[in-house]
Amino acid sequence: TRDGDTHHGGTHHGGVTPGRVVTRADGGRYVCRATNRHGRRRWLEGTPAELGCAATGNPPPRVTCAKLGDGRDPANATELGDGQDPPQATPNVTRAHAGTYQCRASNAHGSAVRNVTVAVEYGPAGVTVSVLPSANVTRGGAFTVDCGAEGVPAPTFTWALPPAPNLRLAADNRSVTVTGATTANRGVYTCTASNRHGRRAGSVVVRVDESWLVVLVALGALGAVTALGLAVAGGYYLKTTACKKGEYNVRDAEGSEAACLHRHRDTRGDAFGIQLSQP
């Protein structure tokens, strides 16, 4: 359309109808605007990518392109060519290339601007597998194995697990919870993160110990030792209390039995006294 006109008679796809006779009234500045729904590009990390930014005009426009927000003025960005050259290639795409780019075409008669959003996709990376509260689990306890990973598009998760009936997977498959742990729950837990650009796996080893059995055995051994100690102490007590002060009939005492009656100690040695009872 001609600049300043809301409609120019005989327009066709934004221009003058082919075959119409040009008159002096057709003179003026014309503006061409091209739009569609495709304002996004997808690049894959580590591969060459192209950001096509072409324009036509008379005289041929100068075309520049810059990423918005990187501190450069798009009007002073890198020149891509006269609009007829092949699109500029990025040799090694990284995640830092994601963002919105502005392409500008300018000549003596004006300029046109178009923004393009670039999304950088990449396969799963940084897979982490962790066990909470600990990978060393007591029999009968509970634990959760979590899996995490980066990726665009967002990865999905699958598991390789020790077979057991007490496993519960989360709705998004990112974690596995075990309650009432048994020896069947010990082993290697492997999580695989996948998207259309690849897959990556991570593993963790879970150990289920029998600490409560060890405690019971220890308590049993302690009880046996205690009982034995009590038995020895009881025998010693009975033995040491066999000789007591009291009244005895000397005729009923013989030899060493009489010698241990009414025993005293002094610095000169042992002395024994005997109390005689009435016959």
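In case you wondered, yes, glycine gets a Cβ from its N, Cα and C as well.
As recorded in TrEMBL:
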REGION    1-22  region 'Disordered'
DOMAIN    18-119  domain 'Ig-like'
REGION    67-93  region 'Disordered'
DOMAIN    124-207  domain 'Ig-like'
TRANSMEM  212-238  transmembrane segment
- Overall pLDDT for the domain 'Ig-like' (124-207), taken as the rounded mean: 96
- Task: With DSSP as the yardstick, break the domain 'Ig-like' (124-207) down into helix, strand and coil residue counts.
- Result: 3 helix, 53 strand, 28 coil
